C-alpha cells in the first residue's frame, strides 16, 4: 500500500511541475518589459551617465563642424553665427526682411520668433566678449579658436538647461525605468551629433516639448499648453506633435456630465494659447512684419525634402519621378498620407487619453510627418525619436531598433560635414544597447541583422567605389534602407496603440 500511495502522490506532482515550467517559458517568451526587482542607485547612475555624456560632447566638439572652411556659404555653424549678428545689429523689423544689410539668400532667418530672440541674446553676449564675432557683413565665415569654444558652449548649455531636466524627470517618474535603459535614453547619439557636430539648438525646442508633455500628463493643462506654444514658436517642426497634443487636451477636457464646465475649460486653454502666441509675436505685429516671418518660417517653395533624407518621397524617388501623375498631386498626396497614417493612433488616444497612448501617438504622428510631409530634413527624425525615448521601458525592442536606425539615417549628413567619426559613436551605442539590454529575445536577431546592414551601407558611403553615373547611390541606399525600417516601425507602433492594456 505504501508503494501504491507513493506512486499516486508522485504522478500529479510531476505533472504540475511540468505545467508550471511550461507557463514560465511562455511568460518569458512574451515578456516585453524590464525586470524591476533589482534595486538601483538612481543618483549614482545619473552622475555616471552625465560624466560619459560630457565626454561625448567634448569629443564631438573637437571634430569639424558643418561647413568649416567651406566658402561661400560655409554651413549651419555660420548660419547660427550670422543670425546672432543679424538680430544684434538690425532693428527687429528687418530680421526677416530682405535688404541691403540682410541678404536672405545668405542664411536668412527661417525659424519662428523665439529662435530669433535666443540668437539676439547670444549676439549680445558675443559682442561683449569680442565684437568681431558679430560684425555685420565683415565677419562672414569668421572662425577662431575662441569663437568656436563660445559657439560649442552655446549649444551645450541649453542641452543641460532645457532638455536634460525634463527627460530625467520623465524617466525617473516611470516605474518601469531601469538602470539598463535609463543611460541609453540620456546618451542617444543622434541629438548630440546634430546639435554639437552639425550645429543646431534642437535641445531647446525638444526640451520645451518635454516640459509640455510632463505638465499635460499631470493635468496642468494651462502650463502644458503654454510650454508647447513656446516649443512651436522656437521651431516650427514642433507641428509634428501638435495633433496628439490637441487630441490629448481635448479628450481629457471633455466631461459629458458637465458640458458647460467642458466649454469653460476649453475656453481657458484657448485664451492661454492665444495669449502666449500674442506675447511672442507682438513685436512683429507692431512692426507689421508678421507676414514676412510666416513666409520665411513656412518655405513651401523649397520642395518636399532636402538632400538624401530617409523620407518616403526621397527613398522612392527613383520610382516616383517616373510617374507624372504623382508629381502633379504630390503636395495633396503628402497631406493625405500624413493624416491617414496619424489617424489610427489619434483615434486610440481620443478614446483612451492615457499616458501610454499619448506617447505612442506622439511617436507615430511625428514619424508619419517625417516620412510623408513637406520639406523634411535629416534632423527632423528627432521629433519622432525623442517621444520614443519615453516608450523605451514599455517597448524596448522596437525603440532600441528605432534609435539605432535613426543614427544610421543621419550618417550622410555627418559625411557632408566631414565628421565620419560619428560612426564610431553610433556603433558603440549599437553594441552597448544590444549587449546590456535584457528585454525579450523575440525579433532581436533580425533587428541586429538589419542594423548591421545599415552600418555596411555607412562604410560604403565612406570607402565604396565611386559611381560616375549614380554619384549619390550610397546616400540613396542609406535613405531607402532607413525608410523601410521607419515604415516597419510606424506600422508596429500603430498596432501597439490598439493593444489592450490595463487602465493606467
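Cβ atoms here come from the backbone N, Cα and C positions, even for glycine.
Remember, it's a predicted structure, so these values are computed and weren't measured experimentally.
Between the listed ranges 310-330, 331-351, TrEMBL ties the annotation transmembrane segment to 331-351.
Which of 149-171, 241-263, 287-309 counts as transmembrane segment depends on TrEMBL, and there it is 149-171. Of all ranges given (123-140, 177-194), TrEMBL attaches the label transmembrane segment to 177-194. Given the ranges 206-231, 388-413, the record in TrEMBL names 206-231 as transmembrane segment. Most Cβ pairs within less than 8 Å of the transmembrane segment (358-375), among stretches 177-194, 206-231, 445-464, belong to 206-231. Proximity of the transmembrane segment (331-351) to the transmembrane segment (476-498) is established through 3 or more Cβ-Cβ distances under 8 Å for residue pairs spaced 6 or more apart.
Sequence-remote contacts of a segment are chain residues at least 6 beyond its ends whose Cβ falls under 8 Å from one of its Cβ atoms, and for the transmembrane segment (445-464) they are 397, 400-401, 404-405, 408, 411-412, 415, 420, 423, 426-427, 430, 434, 474-475, 477-478, 481-482, 485.
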